[in-house]
Amino acid sequence: MVVERTLLAARQGDVQTLKVQLAEKVLNSDVKDLLGASPVHHAARAGRLTCLRYLVEEAGLPGNSLANNGASPAHDAAATGNLACLQWLLTQGGCRATDKDCSGATVLHLASRFSHHEITDWLLRSGEGDPNLCTESGAFPVHYAAAKGDLPSLRLLLGHSPNVVNFQTKNGATPLYLACQEGHLEVVQYLVKDCGADPSIRANDGMTPLHAAAQMGHNTVIVWLMSFTEISLADRDNDGATAMHFAASRGHAKVLSWLLLHGGEIVMDSWSGTPLHDAAENGELECCQILVVNGVDLGVRDQDGFTAADLAEYNGHPQCAKYLRTVENMSVEHRVLSRDPSTDLEYKQHPDSGLSSPNATISASAPAAHFDLGSPSSSLSNYDSANSSQSSTGEKRNSSPPSRPGAGPSESAITDMQTYMDMLDPDTSKGDGGRVSEPLPPPPAFPPPPPPPPSSRPPPPPSFPAPNVPEEPSADMYLKVKSNLRHVDSDGSKKQPQPINLGDASPLLLSSVLTADRVIVMGGPTEAD
């Protein structure tokens, strides 16, 4: 519990807690984590310069202590990009820039590997870093920068030491090889055009930068190499494999199509295997279809006597095996039509062929090419030249040979082939009894003839019930309403009109005092009849 508290205080820069622990005599050089890292390592990783100085100068902890992997606090500071801590450790903390961890990596290797070009710049300008030192695997800082795609660090390293541009690791990988393998197009262009990197230098297994790019599916790198260098599609590795073998074995269908379109030839490797053998062995259905459409010979047998369909069956790829068995005995014309993308069940293993971005890598299903970023002591071993395309495991195909197939295709294969041919060409299908089905009637003439005249008059439309007749005519209803408006009491007692004083009435009022029978004017007895 005390160790965890101490390491946490070092990471957080909590000097007060460290002072309390120093007073309690629990802060000493024996405090380390499970990987052997001391509080000085943790403070350097976190960039806590004040805490780092307290631990070394006042607590008396060694500034150059080593973890289990041989890394010093300076290695941790360089790997995490803490320049101030690195400068203090190299000048006052007892660390040296040339110190190596267990893999042989210096602080310059780690700064290049983790793209901390400001640390790379300071190490080179101050003379602390040496770009000519290599790791146990023979990797120089320039190899790390090229594999990472760190163009600023690469410019600094090659500007300081241009002679390392074609240096090889112990497996023969150059910086250009690693850049092509990881798909860093800008780095490839810089190395070839500005630094004079040689694209013809091969790895120990004979692979060229073109092979590395094809194996990882980096089509943009392949296009650039073929356009601006003297590299050839016919180049072979030590096993006789071409770029087409590598692309087919990893399922990079777009790369394979590009290679075929630009002059790539379907040839056999040293094992007498074609790219179809590699594609079938790894279950790459779409690559098998592309090769079949482009005229590959399905009957070719490798040195062990197996066809591509045999390898697909043996390695557990029934979809590829069924497809290849179906098209084995087809004519060339039918093979051209035999590619059915709807059956691409197995070709979902590599959704990213590396064409979307020049920095894209292979999919997660393929073996990872990146080195582990979690440990500053790891080397470029995973960046060394990859295995040949003979098999996904790197072993010989005849380690456990399957049983030899029969001389002719199986009955199920013949049935599948006949069904497929019937689908492609309906005219070849047979009716019952082996007789050819009757031909279809000819199509109707154009324009079609007019329809014949009707033989009888069409029936009348269906009748609907007539509306009900109103009880009284509308005219009578109108007169009734009108009479109601002019109704006069029928009892004979009519109201007498009220007299009007003409002296107070206006002429307009006099002219409007009317009744239905009479007009009465006050001032005279005369009665108007």
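Every residue number used here counts from 1 along the chain in the order it is shown.
Quick reminder: no glycine exception, Cβ is built from N, Cα and C everywhere.
Over in TrEMBL, the protein carries these features:
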| type | residues | note |
| --- | --- | --- |
| REPEAT | 103-127 | repeat 'ANK' |
| REPEAT | 137-164 | repeat 'ANK' |
| REPEAT | 171-193 | repeat 'ANK' |
| REPEAT | 205-227 | repeat 'ANK' |
| REPEAT | 239-266 | repeat 'ANK' |
| REPEAT | 271-303 | repeat 'ANK' |
| COMPBIAS | 338-351 | compositional bias 'Basic and acidic residues' |
| REGION | 338-505 | region 'Disordered' |
| COMPBIAS | 354-364 | compositional bias 'Polar residues' |
| COMPBIAS | 375-392 | compositional bias 'Low complexity' |
| COMPBIAS | 399-413 | compositional bias 'Low complexity' |
| COMPBIAS | 439-470 | compositional bias 'Pro residues' |
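Listed stretches 103-127, 137-164, 205-227, 239-266 were compared with the repeat 'ANK' (171-193); the greatest number of C-beta pairs under 8 angstroms is found for 205-227. Outside the repeat 'ANK' (103-127) by six or more residues, the chain places 69-70, 74-75, 77-81, 83, 86-87, 90, 97, 133-137, 139, 141-142, 144-145, 148, 150, 152-153, 156-157, 160, 371, 373, 376-379 with a CB less than 8 A from a CB of the stretch. If one looks beyond the repeat 'ANK' (137-164) by at least 6 residues along the same chain, the residues whose Cβ comes under 8 Å of a Cβ in the stretch are 103-104, 106, 108-109, 111-117, 120-121, 124, 129, 131, 170-171, 173, 175-176, 178-179, 181-182, 184, 186-187, 190-191, 195, 359, 371, 379-381, 383-384. Taken together, the residues in the repeat 'ANK' (239-266) have a mean pLDDT of 96 on the 0 to 100 scale.
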